[in-house]
């Protein structure tokens, strides 16, 4: 008996998912990746705001950071989720590997005891790569799981809690940090006052773990498409050459030009152009479409952190942590003492000799 084919047989196959439940899983992975980027963005905003409060010359930048636009934040989250959902797993893996190689090269080129601003710049420009890494990691860890959608929903719930907590922290700090830190009665604000300079180190360790897992997942996702070792060699050889040339070019550009939004846009265009030319020879046409979505996602992330990029351009910002000697000297010059400390007793004046 004649029967019409199903609707899915007429639809083209899309990268990294099939129609049906796989589309829902890809949407969940993209949303989790976007929420992870939102958490990083909120923590960076807290760090930069506290640094602006501690620097009296940065009042205009502080007012710019404290301006909250919830609708724009939700729009940014929705757009990033869309781009991370549409990008294929193959291109997402390539984006993660390219950024990891560039980050390792940058960190190795820094001198010992320096490079705090360079690390902050890496935190700013890694946002789309972090979203791709989280999506790749989830795709690799949940591959073949019997309850994949349920596991992703649980991961989404955890990501939502973390994102809401980070956003609440940002609103609290931007509105009440100056009052609470001066009157010393809020534990959160006092904790940031004491440990603000340790936030970059904490973020660095967290991102190192995240990208280490993402790199392993990216290599596994790329290698599973090859049927033989010769195909893998034909893909990895030009990829290694392309990435090496890109890293050398990025290092030269970094030393010759200062960090700016325009420079980062040019860097994104060069990176995506290199990947586009590479995938024209060893990739598929759907990979080329994913490169376009990746380009839009990178530009979308840069548009959301314009204020933070402008702060990184300021010479001497963020201020370095004061040393113990400087703090003691400042305390001695101000003449301030703790009211709970016992004050040294002043010697009594000597009695004058009374003539007999």
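The backbone N, Cα and C atoms fix where each Cβ goes, and this holds for glycine too.
The region 'Disordered' annotation in Swiss-Prot covers 331-356.
Within the chain, the transmembrane segment (31-51) has long-range Cβ neighbours (under 8 A, six or more residues past its boundaries) at 58, 61-62, 65-66, 73, 77, 80-81, 84-85, 120, 123-124, 127-128, 130-135, 138, 152, 155-156, 159-160, 162-163, 166-167, 169-170, 173-174, 177, 192-193, 196, 199-200, 203, 207, 210, 301, 304-305, 308, 311, 317-319. Positions annotated as transmembrane segment by Swiss-Prot: 31-51 (among others).
Per Swiss-Prot, the feature transmembrane segment maps to 77-97 (among others); the stated evidence is sequence analysis.
Within its own chain, the transmembrane segment (120-140) is flanked in space by residues 16, 29-30, 32-34, 36-37, 40-41, 44, 80, 83-84, 87, 89, 92-93, 95-96, 98-100, 103, 106-107, 152, 155, 200, 203-204, 207, 210-211, 213-218, 220-221, 259, 264, 267, 294, 297-298, 300-302, 304-305, 308-309, 312, 318, which lie at least six positions past its ends and keep a Cβ under 8 Å from the stretch. According to Swiss-Prot, the feature transmembrane segment maps to 120-140 (among others).
The transmembrane segment annotation in Swiss-Prot covers 144-164 (among others).
Per Swiss-Prot, the feature transmembrane segment maps to 202-222 (among others).
What Swiss-Prot records for 232-250 (among others) is transmembrane segment, and it gives sequence analysis as the kind of evidence.
Positions annotated as transmembrane segment by Swiss-Prot: 263-283 (among others).
If you look at the transmembrane segment (285-305), the same-chain residues 6 or more away from its ends with a CB under 8 A from one of its CBs are 14-15, 37, 41, 44, 76, 79-80, 83-84, 86-88, 90-92, 95, 124-125, 127-128, 131-132, 261, 264-265, 268-269, 271-272, 275-276, 279. Annotation source Swiss-Prot lists transmembrane segment at 285-305 (among others).
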For the transmembrane segment (77-97), sequence-distant contacts whose Cβ falls under 8 Å of one of its Cβ atoms, 6 or more beyond its ends: 15-16, 26-27, 29-31, 33-35, 37-38, 128-129, 131-133, 135-136, 139, 211, 214-215, 217-219, 221-222, 225, 239, 243, 275, 279, 283-284, 286-287, 289-291, 293-294, 296-297, 300-301
Residues from the same chain, set at least six apart from the ends of the transmembrane segment (144-164), whose C-beta lies under 8 A from its own: 21, 24-25, 28-29, 31-32, 35-36, 38-39, 42, 138
